[in-house]
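J.: There's a structure below that I have some questions on.
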Amino acid sequence: MSQPTPSLAVELAGLALRNPVMPASGTFGYGQEFAPYLDLEKIGAVMTKGISLRPKAGNPTPRIAETSSGMLNAIGLQNVGIDAFIRDKVPYLQTLNTPVIVNFFGNQLHEYIEVAEKLSDIEAVDAVELNISCPNVKQGGIVFGTEPCAAAEVVSGVREKLNKPLIVKLTPNVTDITVMARAVEESGADVISCVNTLTGMAVDIEKQCLHLANGTGGLSGPAIKPVALRMVYQVVRAVSVPVIGIGGIMTAKDALEFLLVGATAVQVGTANLVNPGAMSEIVDGIEQFCRDKGIDDINQWIGSLQE
Amino acid sequence: MQNLKTVILHNREIAPGYYRMAILAPGYPQTAKAGQFVMLRVQLQAQPLLRRPFGIFKTGTLPPECSGMPPREFVELVYKVVGSGTELMATLQRGDQVELLGPLGEGFVATEDENPILVGGGIGLVPLFKLAEDLCRQGRKVRLLMGGRTRDDILGITEFERLGVETYVSTDDGSLGEEGLVTAVLERKLAKYPGAQVYACGPTPMLNAVHAICATHSTPLQVSLEALMACGVGACLGCVVPGKEHREDEPDYLCTCRQGPVFDAELLQWPESGGAA
Ligand SMILES: Cc1cc2nc3c(=O)[nH]c(=O)nc-3n(C[C@H](O)[C@H](O)[C@H](O)COP(=O)(O)OP(=O)(O)OC[C@H]3O[C@@H](n4cnc5c(N)ncnc54)[C@H](O)[C@@H]3O)c2cc1C
Ligand SMILES: Cc1cc2nc3c(=O)[nH]c(=O)nc-3n(C[C@H](O)[C@H](O)[C@H](O)COP(=O)(O)O)c2cc1C
Ligand code: FES
């Protein structure tokens, strides 16, 4: 006897998703790269690589290193810049029958705001994700993502200029992530996504040198999952806006863990690099799990942790 | 381009530290081009996490067995054991499962030149085999200059010769062929065939030297580059190399996995022009 198909649909601040699985920024190109391997209409949303006001060169190579159950990247947010993005990437994104979320960042407050204004005008963009994990070079290395006041300033500045759902992405490189979560919620974030990569390092004992040209890089993959899960758990309890869980999700089981602690949706990052079909397998796995457990709506599972 | 969950047909050591692996790969004989590569996922667990890139050595079809099974299409790789991923690959046997993503990237472009010169060092000889096959089939007179540290690094010499390729060997220690660098042989050949199309694959210092020689002789050069890769499909931007016009304030990075791994040397920034390929 076949069971009815469970509903995997979730909602993020008015944005309806057919299921809670979407890519993490920077691991999915601008979407089109993955079309040969993955039905983009099978996932909850498409998320693009981080965009800035001007094109950004990124860091010198080597930019990646493999570590135990993870990888370090020091890509340095290389991207084509907002104008080329609108000209070259948006036409393809427009054709998709899947919500499009654009991740963006700036070096200074006015850059964030200018990009937000430009994104407001693009109909094909359904929501934006604000990455506040990059150093504010001008103000002497303050990081928007680690100073609650700086974070609040940039979030409210962007919120004012933006007519779409605003997701704010937090860095795990802080002492207490709930402080940052509350600061961005109060200043206008509609959704919080967490976490970005953890700062790490790798060295080569043969050549006695650093593996990455940049010295340090961002750690992602299965190695960070327990840390990310803990932070998502804490943030879900600290705020009332929906939370997107990110960090080391490789399988449906990993995704279900984040949903169980209260994430409304999840982002899959490094897994896409390892297996471009990963998200499709995760969606299938979640659906199968729901069938097996007799769950007919994924929202019954979200946040159902017994404590 | 596809992601195949497939099995190994054979995997055996062909020289100390070098292995040859055939993998069941429907569609590859028709689609794979010389110079393209695959990303191989050795085991479906987290360690090692990332796939490893390997050049395509050969493609082919096994005749049906007496059981009347359909012909089986395969791809062959040749690899050197250097670290955890390739160590694990060396333990695999017939019937073991792997995941194969590919064929990926842009391969060599066979030009009209009647007297092409191929230059390969060590494992860089791998993608040149398929290229040599194509060029020989088109009736070109192919010359291959093979370089290596010792005789163990000179791979597949008889197979190249069987294609009808004229081979010239040089090793650093003189254990096979002439002693010295492959670039000395290249100088001589270019003096004889000025303007010949050169195709090269090998370690970066070798490619730098080959480029310097080709530049002085104003002869066209295609190079296959190696870069650390995570995704192989252009998503992570981990594999970039500086393009000719690259400057800090005006980025011109080329993506090795998508725009390469084979590049026209003119598109790249080379050491003598201030960058590093
Ligand atoms: C397009 C392309 C085609 C390739 N074709 C072949 C091939 O046909 N045969 C073959 O043997 N190898 C080939 N390589 C190199 C091969 O990918 C690496 O040797 C392999 O990834 C090493 O994996 P590992 O886990 O054994 O080593 P690791 O433990 O990851 O590293 C061990 C050592 O190998 C070096 N290394 C790791 N990855 C690479 C890489 N991508 N390129 C160069 N050095 C690397 C590391 O810097 C380190 O010094 C190719 C690489 C690319 C990019
Ligand atoms: C190669 C790479 C590039 C990334 N680029 C970005 C980016 O441009 N913007 C951003 O907000 N996060 C970026 N990230 C972080 C991921 O979106 C994600 O937060 C992180 O990788 C953790 O998830 P994972 O363990 O599933 O990969 C990048 C991560 C990787 C591995
Ligand atoms: S390896 Fe990821 S972009 Fe080339």
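Cβ coordinates are placed from backbone N, Cα and C, and glycine is handled just like the others.
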J.: Among A:ASN131, A:ASN272, A:ASN275, A:ASN299, indicate the single residue that TrEMBL lists for the substrate site containing A:LYS49, A:ASN73, A:ALA74, A:ILE75, A:GLY76, A:LEU77, A:ASN196, A:THR197.
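T.: Record check against TrEMBL: substrate site with A:LYS49, A:ASN73, A:ALA74, A:ILE75, A:GLY76, A:LEU77, A:ASN196, A:THR197, extra candidate from A:ASN131, A:ASN272, A:ASN275, A:ASN299 is A:ASN131.
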J.: In TrEMBL, the FMN site includes A:SER25, A:LYS49, A:GLY50, A:ASN103, A:ASN131, A:VAL195, A:GLY221, A:GLY247, A:GLY248, A:GLY269, A:THR270. Which of A:LYS161, A:LYS169, A:LYS293 does it also list there?
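T.: Record check against TrEMBL: FMN site with A:SER25, A:LYS49, A:GLY50, A:ASN103, A:ASN131, A:VAL195, A:GLY221, A:GLY247, A:GLY248, A:GLY269, A:THR270, extra candidate from A:LYS161, A:LYS169, A:LYS293 is A:LYS169.
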J.: The record names A:SER25, A:LYS49, A:GLY50, A:ASN103, A:ASN131, A:LYS169, A:VAL195, A:GLY221, A:GLY247, A:GLY248, A:GLY269, A:THR270 as the residues that bind FMN; what is their largest Cα to Cα distance in Å?
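T.: If we measure all Cα pairs in A:SER25, A:LYS49, A:GLY50, A:ASN103, A:ASN131, A:LYS169, A:VAL195, A:GLY221, A:GLY247, A:GLY248, A:GLY269, A:THR270, the largest is 19 Å.
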J.: Out of the binding-site residues listed (A:SER25, A:VAL195, A:GLY247, A:GLY269), which are within 10 Å of A:LYS49 (substrate binding site), Cα to Cα?
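T.: Neighbours among binding-site residues, in sequence order: A:SER25.
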J.: For each of the binding-site residues (A:ALA74, A:VAL195), count the other CB atoms lying within 10 A of its CB, then report the residue with the highest count.
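T.: Per the Cβ count, the most surrounded site is A:VAL195.
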J.: What subset of the binding-site residues A:ALA74, A:GLY76, A:THR197 lies within 10 angstroms of A:GLY247 (FMN binding site) at the C-alpha level?
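T.: The binding-site residues close to A:GLY247 (FMN binding site) (Cα within 10 Å), listed in sequence order, are A:THR197.
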J.: Could you give the mean pLDDT over the domain 'Dihydroorotate dehydrogenase catalytic' (A:8-288), rounded to a whole number?
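T.: Averaged over the domain 'Dihydroorotate dehydrogenase catalytic' (A:8-288), the predicted model reaches a pLDDT of 94.
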J.: At the level of the C-alpha atoms, what whole-angstrom distance separates A:VAL195 (FMN binding site) and A:ALA74 (substrate binding site)?
T.: 17
